[in-house]
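**Q** A single structure is presented below for examination.
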Amino acid sequence: MKKMLTYALLIVFSLLFIAPLFWAVTTALKSQQELYLFPPKWIPSVWKFSNFAEAWNSQPFNLFLKNTVIITALSTLGQLISCTLVAYGFARFQFKGRDFLFLVVLATMMIPWEVTMIPQYMEFNYLGWINTLKPLIVPSWFGSAYYIFLLRQFILTLPRELDEAATIDGASKVTVLFWIIVPLMGPSLILVAVFQVMSCWNDYLGPLIFLNDQTKYTLTLGLSQFKGMYGVDMQSIMAITCLISIPPLAIFFFAQRYIVGGIATTGIKG
Amino acid sequence: MAQTYLHNAREQTAALKPLRKRRWGGAAPYLFIFPWIFGFVVFTLGPLLFSLIISFFDWPIVGKVTFIGFDNYIEMFTDDPMFWTSLFVTLKFAALFVPLNIIIALGLAMLLNQKVRGSAIFRTAFYLPSVISGVALAMIWSWVYSGDYGILNYFLSLFGIQGPDWLNDTKWSLVAMVVASLWGQGSMMLIFLAGLKGIPKDLYESASIDGAGKIRQFFSVTIPMITPTILFNLITSIIAAFQQLTLALLLTGGGPLKSTYFYAMYMYENAFKYFKMGYSAANAWFMFLIVLVLTFLVFKSSEAWVFYEGEMKKNSRDERKSKKGGQAG
């Protein structure tokens, strides 16, 4: 009896979480006539796959896709390289001020982005970077607190004897990092890459603030543009919504194990 | 390669001890953490201080910069009704969002923590909306909430209820915003789930031997044991509530009648619509102060309600460590 109740609740909540997504997909496939029916139809009688192409071509989404891919790829690469170096520095060396600096790393996670947003905007404006992709890429090459924390925790679990043996054999610190430590960091590097790809791909406020020319837009900005456009139908909006949600959903399905584990680590810290 | 090193290492460690000290230190560590130091100064500390400075200036994006002392702050409190409106909206939002978020996330985590078949599938279903972009989420909810064609009002009509035009009704717009925000909060649920899984089973066993029922166990074992996780989630929820912007921009634009005009949106408009950089920086610092005070109060109060029993905590940590070790090996 108790088991039944548990299952019932699990199913009801699953439906609550999935129904809006499901409805978005079926709306994207509806024809004009079926869109504004009440009561609404869950399953369209004719599946109009052409909606996707129409919606995609109604704005330069190929260009938006290109911009998004460039930003995502370069900033993820930057995070992986910079956070690995920094995490290794914090995990494997003893130096003056290390613990204090690491505390500062953690503290930066608490600073609301609104406080630094305006000076950053002015900084990038001064550098002439507004309306280029640089503000969305360059900061990623200087590490990010949460990822540094995750990678440092992981490096700490690797036996120090590995480094020491290699050092005895004459390997430099850099060699140790790239030939001994990095090959063992696979899972945690995947986790950082997954988190960064997703947050970059889904980012809206960054592009909104730093980009103003349509040729520089990202996918999320393109989608949000529909909001104010006259005569755009809901099925186009839902078609783009579905299309741009495919990559993060796909990544989630393939990397679920890492993601769930990674988020759990966040809580343990607390 | 790693394998050989590990093998050699075991034999060499003993001989290494004196070497270890000499090899540490020097400039090397600072070179490794240099990217972060540079980024911190240029993208965090610098902007943080600069935003404090410009909050004392009349600083338009183009034009003359004038030092005006505390005038921005004075204007905010005495001469700007939008400041109070947005602050009030945000506090109302936080008052609804924070407790609901904690309760729902904990409830869902407890459901997932039951021994049922396919719990991984349910976990995926619960977490799915958290994966997509805030823009996609806003688009989906604007359609769900549509007064005439929305699925929500259709659902209500099955029970004979005539639903309102959610996003255009001042009575409901903020509630609608809370619900849409809650929908994408799966990570908090996962954090709770990890916390629940960390509670040693024997605690429940001894509780039930002592005759404690399920409800008693919930209040005397589960809740005390996850209070550290509740504390963490409470603080992140408060910060999230004050930063809510994407949904407001896309779902309602702050309307109707400013009923969803969040503080973050007020700041955003001052900066990027009216280009009053100094004034907006003052807004930002005031918000930072509120968040800091709230966080401080939560931390202060946590001494009374967060349960860190030394012994027990150590035990569970050891257990976790040995688990981790097992996975790595």
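Every residue gets a Cβ built from N, Cα and C, even glycine.
For reference, TrEMBL lists these features for the protein:
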TRANSMEM  B:30-57  transmembrane segment
TRANSMEM  B:83-112  transmembrane segment
DOMAIN    B:87-298  domain 'ABC transmembrane type-1'
TRANSMEM  B:124-144  transmembrane segment
TRANSMEM  B:174-196  transmembrane segment
TRANSMEM  B:217-242  transmembrane segment
TRANSMEM  B:248-268  transmembrane segment
TRANSMEM  B:280-299  transmembrane segment
**Q** Please tell me whether the transmembrane segment (B:124-144) and the transmembrane segment (B:217-242) touch - that is, whether there are at least 3 C-beta pairs under 8 Å between them, with each pair 6 or more apart in sequence.
**A** no
**Q** So if I exclude everything within five residues of the ends of the transmembrane segment (B:83-112), which remaining residues of that chain have a CB under 8 angstroms from its CBs? That is, six or more out.
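**A** Distal contacts: 76-77, 119, 122-123, 126, 174-175, 177-178, 181-182, 185, 188-193, 195-196, 222, 226, 230, 233-234, 237-238, 240-242, 244, 258-266, 283.
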**Q** Taking residues 6+ outside the transmembrane segment (B:217-242), which of them lie with a CB under 8 Å of any CB in it?
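**A** That would be 90, 93-94, 97-98, 101-102, 105-106, 110, 188, 191-192, 194-196, 198-199, 203-204, 207-208, 263-264, 287, 290-291, 294-295, 298-299, 302, 305-308, 312.
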**Q** Near the transmembrane segment (B:174-196), which residues from the same chain, at least 6 beyond its ends, have a CB less than 8 A from one of its CBs?
**A** 89, 92-93, 96-97, 100-102, 104-106, 108-110, 112-113, 123, 126-132, 134, 137-138, 141, 145, 166-167, 222, 225-226, 228-229, 232-233, 236-237, 244, 247-248, 251-252, 259-260
**Q** With a Cβ cut-off under 8 Å, give me the same-chain residues at least six positions beyond the ends of the transmembrane segment (B:248-268) that come close to it.
**A** 82-83, 85-87, 89-90, 93, 134-135, 138-139, 141-142, 145, 167-170, 173-174, 176-177, 180, 242, 280, 283-284, 287
